[in-house]
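These come from Swiss-Prot:
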ACT_SITE  H42  active site, proton acceptor
ACT_SITE  H153  active site, proton donor
BINDING   K65, N66, K67, N68, T69  substrate binding site
CARBOHYD  N86  N-linked glycosylation site
CARBOHYD  N92  N-linked glycosylation site
CARBOHYD  N111  N-linked glycosylation site
MOD_RES   Y60  3'-nitrotyrosine
SIGNAL    1-27  signal peptide
Amino acid sequence: MVPKLFTSQICLLPLLGLLSAEGSPHARPQQYSRAQWFSIQHIQTAPLHCTSAMRAINKYQSRCKNKNTFLHTTFADVVNVCGNTNMTCPHNASLNNCHHSGVQVPLTYCNLTGPQTISNCVYSSTQANKFYVVACENRDPRDPPQYPVVPVHLDTII
């Protein structure tokens, strides 16, 4: 009985390795800091249709991301939100590094509607003006030195 249990545990190890090698569906490309990846995924000063805008994100992940929100503002403006009062992150109560925007910004919400093959992801676009909540962290050496604290995660749209 014991050898069988031991063998079954050993058999799970390669599977666990495959799962971790695959990575999270939201894993950032290693060449980017968390703030740089935040900017690629969520900052778009001028609205583009989602099908076009999502190509840049999908090419890094080699898959069609199910949904995404683009804030039509500047990275510097979102950095300024990091200076607002800390709050518990609405979508992750264990984190206390979130900040409410305090002002509404124009944004585009993209939702995957078409084929899920990387060569032809199709999205619907919904435009709105909303508040947002971002998680912020101390900058990575790859981030602009003028920003000691930078946004790394778009937690909620309100």
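Yeah, the Cβs are placed from backbone N, Cα and C, and that goes for glycine too.
Features recorded in Swiss-Prot, as mapped to the structure shown.
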residue	record	contacts (Cβ under 8 Å, 6+ apart)
H42	active site, proton acceptor	N68, T69, F70, L71, L154
Y60	3'-nitrotyrosine	P29, I40
N66	substrate binding site	N111, L112
K67	substrate binding site	Y109, C110, N111, L112
N86	N-linked glycosylation site	N96, N97, C98, H99
N92	N-linked glycosylation site	A135, D155
H153	active site, proton donor	R34, F38, V134, A135
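Other residues of the same chain near the substrate site, with their Cβ within 8 Å of the Cβ centroid of K65, N66, K67, N68, T69, are M54, Y109, C110, N111, L112. Candidate recorded positions: N68, T69, N111. Fewest other C-beta atoms within 10 angstroms, N111.
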